[in-house]
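K.L.:
Before I ask anything, here is the structure I am working with.
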Amino acid sequence: MGRRRAPEGGTLGRALIRQQVQRSRSHRHTDSWLHTSELNDGYDWGRLNLQSVTEQSSLDDFLATAELAGTEFVAEKLNIKFVPPEARTGLLSFEENQRIKKLHEENKQFLCIPRRPKWDQKTSPEELKQAEKDNFLEWRRQLVWLEEEQNLILTPFERNLDFWRQLWRVIERSDIVVQIVDARNPLLFRCEDLECYVKTIDDNKENVILINKADLLTAEQRSAWAEFFKKENVKVIFWSALAEAIKLMGNSKGDVNGDTGEAITAEFENSSCDEAEILHKETEHLSLGEAASSEEDESEYEDCQEEEEDWQTCLEDSSSSDEEACGQDCKEGHTVDSEAQGRNTPQKRQIHNFSHLVSKQELLEVFKQLHSGKKVKDGQLTVGLVGYPNVGKSSTINTILGNKKVSVSATPGHTKHFQTLYVEPGLCLCDCPGLVMPSFVSTKAEMICSGILPIDQMRDHVPPVSLVCQNIPRHVLEATYGIDIIKPREDEDPRRPPTSEELLTAYGCMRGFMTAHGQPDQPRSARYILKDYVNGKLLYCHPPPGRDPVTFQYQHQRLLEKKVNGGEIKLQVVRNKKVYQIENVVDKAFFHQENVRALTKGVQAVMGYKPGSGLVTAAAVSSERGAGKPWKKHGNRNKKEKSRRLYKHLDM
């Protein structure tokens, strides 16, 4: 009886044969590993390109246009430029910066704020809302045109219409509109179109710029800014909410050392005595002008302290009738008192700015005596505080009132709705929410360093830290943090500013900020340094137009002179005296010499060399013999180590 066959015994063999045949067939139509090339030296029978092209990429479009124009391109070889990673600073060159400044001056008139559309008693609430939305949309389109067509960078302005509605209400109900700006860069936070809009609503309203954080400026720097705004015919007041709050807190506690807040301004008390007397005379002169104009017609605006729901844009019959009557009274009053206005115009336009820091009482007196025209509400002076977020509007109100009436936060845009507060009978302060108004900037790094954009939400830390390194000299950074920043190479400029990597590496090593791989945590270090820059620990003040930034920051030069002359600079930690410098890789490889060693075999020392132990001195040999342990065979260590493995790096 024969052997029984498997039910599908021949299936595997036929499958392998079939796979081999299919592989040979497919190999004929696929590319092989052999090197082939298309020479295209024969006649092209498919020369007619009948392929339809409806869309092309930018590169294909450029090449097709060049082919139609008959342009030929030749590869440019041996023109290689190596850009190291540390050169990625994200900052503009001098030529690019000058070009952008020129574009800013040419398109300066397009920077405006949205206006409230005109309305009367016949306008319905729906029509007014639709008109406001249309004007706001047109304003948004104009700013988008600036960004796209002119390639300009704008600050992230406010895009919520409700915030602008609150600004309109504050301006309409204020007799004095105060713009609060940062003393380190006043022109960035100043909105010139807001001043024009205030005068458009009512010519009797006054514009004032309150320069907060002025204690960060020296007396010479404040004098320079006061002279600049005097030429611009703008009234400015130098004020520091934090310094005044410390001063008032010390006085209220009755401490013997309660003049700690006064120490900030004690340097300038002697130079500001004459200015205080002139200011007193000016306030008396303005009080006489106010008494002369107190007989003007009274406006019938509603009270400043209203509920939140009364500040909507919807039209109310009572408010509309009052405002229409007020408009008629304004027209009549303008025709009657035109002669008196003409006599007071030269006195109004004459601006006297003083560079000393004002106190709380001086600030209130200036507010009271500044407005000499017709008030919005009879017997009450309303001062509206507007400006960018995080410039100190709420802090100013808390300092003036003496207690915390408005919540304060380091986060920009903390105030969500306006508030009206009475300082005393007849004086009302109105705190407007912080509005980021459109302004020109060069880079987004400038917005981060100015406090406009939050530091904790930044994505790239290199450009803002590079801007800090450009503004703050090397010796100031080293003296502030007690660090030693690595020096430039010998072939580099020794006076160049440090890069962001050099600063963050030194700061991270000093603070112990390390990543999981043992490297300095540069993003974390960048957040600390940028917050110190925004808070004023690393101080840089922008000069007025036309002034040299280096000479304007003369305190940096004084610190360098003290360091050169051997003056004491108090550091936070003990500094290492060793100066680290960036090593030159080419020089290190050129001057590097390998160690010369003698190769021996056996366990006996030859010419002073012992296998595995290197050079052996006579003292070591005598001490080894005197130990009395001849059975110890220490010479067997690394005795059989092959030399070709130890010195394989010397082979070609």
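Keep in mind that glycine also has a Cβ here, set from the backbone N, Cα and C atoms.
I grabbed these lines from Swiss-Prot:
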type: BINDING; residues: 212-215, 387-394, 431-434; note: GTP binding site
type: COMPBIAS; residues: 293-311; note: compositional bias 'Acidic residues'
type: COMPBIAS; residues: 630-652; note: compositional bias 'Basic residues'
type: DOMAIN; residues: 164-438; note: domain 'CP-type G'
type: MOD_RES; residues: Ser93; note: phosphoserine
type: MOD_RES; residues: Ser252; note: phosphoserine
type: REGION; residues: 288-347; note: region 'Disordered'
type: REGION; residues: 625-652; note: region 'Disordered'
K.L.:
Would you count the other C-beta atoms found within 10 angstroms of the C-beta of Lys393 (GTP binding site) for me?
P.N.:
27
K.L.:
Which has the fewest other CB atoms in a 10 Å radius around its CB: Ser93, Asn212, the listed recorded positions?
P.N.:
Ser93
K.L.:
Tell me, if you would, which residue among Gly387, Pro389, Pro433 (binding-site residues) has the fewest other CB atoms within 10 Å in the structure shown?
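P.N.:
Each of the binding-site residues Gly387, Pro389, Pro433 was scored by Cβ atoms within 10 Å; lowest is Pro389.
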K.L.:
Tell me which residues of the chain lie with their Cβ under 8 angstroms from that of Val391 (GTP binding site), as long as they are six or more apart in sequence?
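P.N.:
When sequence neighbours closer than 6 are ignored, Val391 (GTP binding site) has Ile180, Val181, Asp182, Phe189, Asn212, Gly434 within Cβ distance under 8 Å.
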K.L.:
Could you give the Cα-Cα distance between Pro433 (GTP binding site) and Ser93 (phosphoserine), in whole Å?
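P.N.:
That separation, Cα to Cα, works out to 36 Å.
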K.L.:
Quick one, of the binding-site residues Ala214, Asp431, which Cβ has the fewest other Cβ within 10 Å?
P.N.:
Asp431
K.L.:
State the mean pLDDT for the domain 'CP-type G' (164-438).
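P.N.:
A mean pLDDT of 69 is what the model gives the domain 'CP-type G' (164-438).
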K.L.:
Rounded to the nearest Å, what's the C-alpha distance separating Ser93 (phosphoserine) and Pro389 (GTP binding site)? Just drop the number here, would you?
P.N.:
30
